[in-house]
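Visitor: Here you go, one structure.
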Amino acid sequence: ACPLLREWTTTLPKSSTAIFCNDGSDTAPPSQTAATQVGYRSVVSASHSIFITMDAVITEIPSQTRPKWRKVAYGGMQPGFDDNHTDDSFLENMVMNANVVKRNLLKVMQDSVSISQYLCIVALVGLVWTYTLTSTLNEKSLLVLNVSLLGLGFTVVMLTGGMLSLNLFSHYLLNISFFATGLYILAPIFYTLTRSISSDSIWAVTVLLLLLHLFLHDYSGSTVRAPGALQNPTLTSCISLNSSVVASVFFASRLPSRLHVFAIMLFSLQVFLFAPLVTYCIKKYSFRLHLLLSFCLMTLTLGFVYTMHSLLFVMFMGLLVFVNVVCPYWLIRIQEYKFEINGPWDEAKLCFDITD
């Protein structure tokens with residue numbers, strides 16, 4: 001067809017050649033004969049088919065030599081693709097709900113016992129504070145209670161943790177002596193610390209600090225670590241401990257004597273500092289013993305609360321039921337709505353310990 005096209009373009013006048021080259025018309029100029037016009041149309045149609053075929057070949061060549069898109073994290077843009085280009089293979093590695101844990105209702109209820117246990121411990125501290133403020137407990141009774149709790153807790157930690165050692169016993173005894181001496185020296189300062197502040201403000205701040213302590217407390221462990229522990233306490237657990245200490249100081253500043261202040265501060269710090277360590281050691285030693293201790297604490301706390309006020313007993317009983325029954329059931333029910341997507345867009349995670 002190309003020689004025929006050259007022959008026709010050389011025999012046609014310049015005006016017809018110009019029309020054929022410029023506007024691509026498929027009709028010959030009016031000055032040509034009918035036969036010339038018929039031949040002209042056939043050549044032009046053949047030339048159009050040639051041009052279309054050549055365009056198809058030109059468009060097919062880049063697609064055949066174009067590199068395949070690959071999922072690369074580094075190296076810049078791939079030639080021939082945009083920076084945000086993806087194809088159908090991008091979602092091949094998508095996984096849904098890979099890390100969703102199927103929880104058992106009984107297991108969740110057993111884990112919630114630790115929360116109820118510490119709620120009872122804090123409630124018992126509040127009861128001791130109330131009995132001290134109403135002069136039901138005097139300073140001598142508080143000192144006897146402090147010595148009894150300290151000896152009992154120290155014995156439990158030594159037996160359950162397997163740390164029976166004379167050196168460790170002397171180390172603990174020395175630290176407790178320094179701790180008690182420091183509290184006794186600071187008792188006069190605590191006694192007059194909030195004298196210029198109204199009692200209503202003191203009670204409001206104390207309650208808020210105790211609520212903050214319960215909200216940020218580490219229920220899975222203890223802020224005071226056992227000897228040899230590798231993990232350090234978290235920031236939230238330290239804030240929780242500090243809020244309980246400040247609440248104890250605020251309450252102690254409202255007591256009638258300095259010996260009362262020393263006794264109640266020693267009691268409060270013993271409970272807030274060492275009670276989580278004792279319960280953690282018991283739970284680690286025997287889970288059944290942990291459950292038995294928790295139910296004993298719940299019964300004891302409910303009994304004391306009932307002797308104080310029946311409405312408080314109903315409220316505290318409802319709180320324990322909500323924590324131990326309603327919240328686990330609620331957690332199990334909302335698990336079916338959990339939807340998690342993992343894929344190549346996630347951040348890379350180390351498969352080894354960086355400290356090794």
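Every residue gets a Cβ built from N, Cα and C, even glycine.
Where the annotation comes from TrEMBL, it is an automatic prediction and has not been curated.
I grabbed these lines from TrEMBL:
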- 112-131: transmembrane segment (TRANSMEM)
- 143-165: transmembrane segment (TRANSMEM)
- 172-190: transmembrane segment (TRANSMEM)
- 202-221: transmembrane segment (TRANSMEM)
- 259-282: transmembrane segment (TRANSMEM)
- 289-306: transmembrane segment (TRANSMEM)
- 312-332: transmembrane segment (TRANSMEM)
Visitor: With Cβ-Cβ distances below 8 Å as the criterion, list the same-chain residues six or more beyond the ends of the transmembrane segment (312-332) that contact it, or say none.
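Guide: For the transmembrane segment (312-332), the list is 103, 105, 108-109, 112-113, 115-116, 119, 123, 298, 301-302, 305-306.
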Visitor: Counting Cβ pairs under 8 Å to the transmembrane segment (289-306), which of 112-131, 172-190, 202-221, 259-282 comes out on top?
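Guide: Most contacts with the transmembrane segment (289-306): 112-131.
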Visitor: Out of 112-131, 172-190, 259-282, which stretch has the largest tally of CB pairs under 8 angstroms to the transmembrane segment (202-221)?
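Guide: Maximum Cβ contact count belongs to 112-131.
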